[in-house]
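> There's a structure below that I have some questions on.
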Amino acid sequence: MDFEEFEEKDGVRFSWNCIPSTRIEASRTVVPISALYTPLKEKPNLPVLQYEPIACRPPCRAVLNSFCQVDLRARAWVCPFCLSRNQLPPQYRDITPENLPHELRPECTTVEYVLSRPAPNPIFLFVVDTCLDAENLTALKDHLVATLSLIPENALVGLITFGAMAQVHEIGYRECGKSFVFRGNRDYTAKQVQEQLGLNQPIGHRVPQQGGHPQAQGAAARFLLPLQNAEFALTNVLEGLQKDPWPVAADRRPIRCTGVALGIALGLLETSFPNCGARVMLFAGGAPTEGPGMIVGPELKEPIRSHHEIEKDTAKHSKAATKFYEGLAKRATTHGQAVDIFAGCYDQIGMHEMRSLPNSTGGALVLCDAFSTSIFKSSLTKMFARDANNFLQMGFNATFDVVPSKELKVSGLIGHAVSMNKKNPSVADTEIGIGQTSSWKMCSITPAHTYATFFEVAQQQGTPAGQIPPGYVQFLTHYHHSSTQQRLRVTTVAKALVPGGDPHIASSFDQEAAAVLMTRIAIFKSETEDGNDIMRWTDKMLIRLCQKFADYRKDDASSFRLAHNFSLYPQFMFHLRRSQFLQVFNNSPDETAFYRHCLNRENLNNSLIMIQPTLLSYSLEQEQPVPVLLDSVSIKPDHILLLDTFFHILIFHGETIANWRNQGYQEKEEYANFAELLQAPRMEVQDLLVDRFPLPRFIDTDAGGSQARFLLSKLNPSNTHQSDSGYGTPGSAVVLTDDVSLQTFMSHLQKLSVAASS
């Protein structure tokens with residue numbers, strides 16, 4: 001089975017599919033033993049079991065799976081993780097080799113259980129900025145009203161608006177519009193929110209009812225109601241929203257208390273619905289300028305912080321704001337509340353400081369120029385996408401456990417989660433990412449959320465080759481399904497352990513998974529380390545990997561060869577070095593936070609597109625589009641290029657193609673093939689947009705156009721103003737840059753890898 005089949009079957013891709021059997025040998029592989037796992041990956045044939053799982057005795061708690069040894073006569077099973085012998089329950093008495101339950105069938109390495117405990121209905125609390133211009137506010141209101149039709153009728157909904165003040169709208173009050181106003185320059189605790197809203201009476205809806213529905217009665221029912229009871233009132237409030245009345249002078253920014261509004265939203269939820277899956281959805285059209293969490297003062301003469309100021313620690317408000325939002329993130333994760341941030345303006349809204357909110361809770365980040373754009377509208381609509389059974393494709397209040405067999409230990413996780421501080425003997429001393437635990441919490445989880453898990457080989461001493469058992473890993477994901485069921489997704493995988501030096505180790509290397517996993521480590525390091533240090537670390541790891549696994553003679557660069565399953569890895573690292581994930585120049589702190597958030601969320605395929613974008617070429621000589629090198633030599637006057645960077649989709653018309661189009665050849669009947677050529681990349685774009693979240697920015701440009709820079713910045717500059725004609729081909733573009741080319745990069749890599757003193 002190849003790597004893609006493993007991913008299709010279980011949503012798992014390992015960096016190494018054969019693992020060295022000792023810790024010292026495993027450390028020599030350079031790339032850690034690690035895996036990318038998509039817990040809720042959509043599978044059309046996924047067994048959904050309507051009974052409780054059978055778990056091993058404590059402290060193991062691994063779930064019965066197809067790798068267990070089952071003694072049908074004794075009605076017992078042996079756990080492959082701790083080797084304990086367990087009795088099968090009475091309901092398994094009729095099983096035979098021909099009639100096995102799904103969890104014991106070899107092909108069912110991933111199953112999902114529907115648990116008997118009900119889950120509460122989901123909660124959606126909108127937090128809306130009213131300091132917007134009339135056009136932007138109208139577009140936002142209209143689309144929020146349209147979005148109500150996408151939310152399940154039994155979901156609870158609420159609304160908070162903010163400008164200079166924050167207002168909690170009492171949508172349960174029928175007589176007229178009513179709201180509770182909070183000052184925008186003050187930090188409110190959850191207790192103060194509770195008292196001011198009158199929520200300090202005993203509330204009976206903290207525990208789900210029999211059917212799994214939280215009782216929306218008592219004081220909280222004034223603010224959070226089932227959509228079927230509140231849609232009319234909420235629609236009226238949204239349609240009646242007006243621009244914040246606080247006056248704004250020409251030389252000042254609007255007074256915007258974003259931090260206070262978010263704090264009140266979390267306070268309302270944690271006092272009324274603790275540990276119930278909820279989404280706080282923030283729609284912001286500018287920077288917070290008031291109260292806790294402000295990132296810039298109201299005077300326009302004070303510029304918004306840049307990367308340079310943040311690095312030099314001269315950004316006036318950034319550190320305090322970051323600390324404030326980290327405190328909110330901790331509160332949100334404690335009670336299972338996800339925070340989504342939608343930015344609808346050209347300016348920054350403080351995503352850099354707020355990044356801990358979506359990063360810790362699994363919320364979404366969407367960055368667009370205005371709420372009237374298709375990027376915002378399509379992205380918000382896709383958030384509420386339904387599955388084949390018409391349920392929302394999102395889970396709430398999830399926990400994620402990794403159970404390894406005794407041969408492996410868990411080093412950590414990188415993804416949108418927080419530690420549950422569950423320390424046990426399977427936790428490694430080495431920490432990568434969020435470590436020192438084998439259990440994490442995800443307040444929100446979707447079929448797109450992918451997590452990087454890292455492992456350490458436990459054994460210090462080697463074992464004779466024929467006696468090494470395989471290593472097992474079980475991933476357990478408990479979550480609240482949007483149907484108000486609690487579910488458990490179980491994936492169990494086995495990997496061969498082999499002695500150090502075994503050729504199977506090198507042949508089992510998955511260069512695509514390794515590139516994404518190493519990128520996640522680099523991004524995790526970037527939160528605390530200097531950018532140049534991370535670049536040096538990336539280069540050092542690449543050189544060490546090549547020294548270990550390349551075929552070469554010492555001090556002879558011309559003899560350097562990489563096996564086919566290593567050959568693309570240096571190329572991935574070259575494009576990573578040039579990417580917006582590590583190179584923050586020309587990006588705002590908000591943009592950098594957005595890009596890194598998306599990479600830490602997406603699956604392997606989408607992550608690779610972010611690291612090394614794809615480029616397709618269309619021409620009259622080719623019936624089908626052809627993948628071409630991400631290189632300046634691919635730009636030709638009689639070709640159309642389609643670039644997909646995940647964040648941007650760009651159609652680039654060569655000079656000749658653009659001239660023909662401008663002369664209107666596509667409108668003439670005898671040039672129907674040219675009209676089809678112009679249309680072909682647009683049809684491909686439509687296919688790309690179907691599953692993409694958030695919606696990418698679409699760019700249509702020509703050779704010499706100002707927006708062609710988006711393409712040129714991603715291409716390998718093999719033909720520059722400084723290079724001689726040895727590189728490139730006649731008619732290819734010249735890129736004006738001082739960046740080194742892939743050819744130069746590979747030449748230096750080969751020299752350093754074969755050097756005896758390295």
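Using N, Cα and C of the backbone, Cβ positions are placed for all residues, glycine too.
Feature table excerpt (Swiss-Prot):
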| type | residues | note |
| --- | --- | --- |
| BINDING | Cys56, Cys60, Cys79, Cys82 | Zn(2+) binding site |
> In the three-state scheme derived from DSSP, which category covers Cys82 (Zn(2+) binding site)?
coil
> According to DSSP, does Cys60 (Zn(2+) binding site) sit in a helix, a strand, or coil?
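Once the DSSP labels are grouped into three classes, Cys60 (Zn(2+) binding site) ends up as coil.
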> Under a criterion of Cβ-Cβ distance under 8 Å and sequence separation of at least 6, what residues of the same chain contact Cys60 (Zn(2+) binding site)?
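The list for Cys60 (Zn(2+) binding site) reads Cys79, Phe81, Cys82, Ser84, Val403, given in order along the sequence.
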> Can you tell which of the binding-site residues (Cys56, Cys79, Cys82) has the fewest other C-beta atoms within 10 angstroms of its C-beta?
Cys82
> With a radius of 8 angstroms around the mean position of the C-beta atoms of Cys56, Cys60, Cys79, Cys82, what other residues of the same chain does the Zn(2+) site pick up?
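Nearby residues not in the site list: Arg57, Arg61, Ala62, Phe81, Leu83, Ser84, Asn86.
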